[in-house]
Amino acid sequence: MSSIIDVKNLTRRFGEFTAVDNLSFSVEKGEIFAFLGPNGAGKTTTIKMLTTLLKPTSGEIRLDGHDPIHEQNEVRKSFGIIFQDPSLDDELTAYENMEFHGVLYGVEKTVRRARIEEFLKVVELWDRKNDLVKHFSGGMKRRLEIARGLLHHPKILFLDEPTIGLDPQTRNHIWSYVQALNKKEGITVFLTTHYMEEADRMADRVAVIDHGKLIAIGTSAEFKEKTKTSTLEDAFIALTGNTIRAEEVNAQDAMRMHRRAWGGRS
Amino acid sequence: MNVIYILWLRQLKRYTRSKARMIGSLGQPLLFLLALGFGFGPIYEQAGGGDYFQFIAPGIISMGILFTAVFSGIEMIWDRQFGFLKETLVAAVSRTQIMFGRTLGGATVAFIQGLAVLVLAVLFGFRPQSLALLPVAFAAMFLTALLFTAFGTAIASRMEDMQAFPLIMNFVMMPLFFLSGSLFPLQGLPAVMTDIAAINPLSYGVDALRATLVNGSYFGLGIDFLVLSIMTACMIVLGSRLFSKIQL
Ligand SMILES: Nc1ncnc2c1ncn2[C@@H]1O[C@H](COP(=O)(O)OP(=O)(O)OP(=O)(O)O)[C@@H](O)[C@H]1O
Ligand SMILES: [Mg+2]
């Protein structure tokens, strides 16, 4: 098999703080790859660098053979992404958000119309398609984001905590859909999640990072064996320790805001 | 083309859905038009300047365009804060296209706003000198709108939030407006004032409107269009540059 994502010695600093620390790994073509780690581990930052949104401090990236820094357009053609943070236009309707995305990604009109209907039905928003997104509940917005992210079929699909805040039914629905997409069209899936059973069920391979560093990479079975645990969740905790990250992250965020307030660009 | 159209459409939809904004942004031009237009009218006429209301109307139309245009450009900061910007940034579309589509949309909105001020002015007694020149006036209005929307977008590309907005309002937009000859004739002013007006791009928009709507040009209509076109092109290029440098 050949790899479709190659990361070598990837580092990203914000001021003195190192969010991603000398990370190296690769993802095989057609693989479902789970990228796990506690809050603030550097998952989203890594995805931003892979998807041309953020420049690395140092290191090398190849996405489908292209470099996200110098060949942005080629790279952008190869992936689709569902962001962790909201990215909808609240002042547009659900349908308009979908349409906007479809046109922006050059999905041909008949296919676009058909898929918009299909996906809005999958996430049960078809009845609400002409409502402004600002009147949607959090979960409805999330579902719309997912429907929109699946509208075009790229080579690589990045899913940054796609199922956060969704009910179990919808989560199952979405994961089965992603799995089918992976099987049928050979789309490579790069996902992050804090639901370990999702990662266990979905992923061919799992990488765990903490404090920006790669701690372990392998199959879920290998993880359990190595840590002598019976679930991926226990293996994850064994690997990353028991401390809660929110406090550390908050301390860092506070420092960051402090720096900003004093005019430093972080 | 399709991409530019959908970006244009989005700006327009956002604008037409916000009735409060449409009406609200007419308030300031209307106030200036009536208070200054009628307030200074008698003095201006005594001093031999002619009809001040006729004189000031093109200036106030330009003001309406300037403010709406810069606002629509700067609106991009909201996209950044509400997250929608990410959606456009990862699309495999050239940054120039994105910049152009947005700017075209914002400029259309600002142009409509300018038209609305023109209609209001006519309701209060403004009379354009010639209907035949109206299309030329519209062209000048649209160019002005394009120029300042691109300007707003360029600024927004460099800003993370709205905190610097009052700064821009007071140190950029107000001076642009007040030092453009929109409220007073440039003829016979001290050299400092005319020099400042000459490097202020809005002056050429105002001048072009005055040339076409009421017949009285300072720079000459040809120069007006030349400067406006060059400045607009430069601003779109600069805007695209800054836009493509955005990181999240
Ligand atoms: N623009 C920024 N400026 C400064 N620090 C940042 C910035 N973006 C991220 N960080 C910091 O980098 C670290 C990693 O953040 P990141 O968002 O990648 O974490 P994550 O693994 O996605 O966490 P989560 O599971 O909570 O989503 C955090 O400590 C965060 O505060
Ligand atoms: Mg994250």
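Any Cβ shown, glycine's included, is placed from N, Cα and C.
Taken from TrEMBL, the feature domain 'ABC transmembrane type-2' covers B:20-246. Under the heading transmembrane segment, TrEMBL lists B:20-40, B:52-74, B:104-126, B:132-155, B:167-186, B:218-238.
Between the transmembrane segment (B:132-155) and the transmembrane segment (B:20-40), the number of CB pairs under 8 angstroms, six or more residues apart, is fewer than three, so the stretches are not in contact. Within the same chain, residues 4, 7-12, 15, 22, 25-26, 29-30, 33-34, 37, 53-54, 57, 60-66, 68-69, 72-73, 75, 138, 141-142, 144-146, 148-150, 152-153 sit at least 6 positions outside the transmembrane segment (B:104-126) and bring their C-beta atoms closer than 8 Å to a C-beta of that stretch. Tertiary proximity for the transmembrane segment (B:167-186) is limited to same-chain residues at least six positions away from its ends with a CB under 8 Å from its CB atoms, namely 36, 49, 55-56, 58-60, 62-63, 66-67, 70, 74, 155, 193-194, 196-197, 200-203, 205-207, 216, 218.
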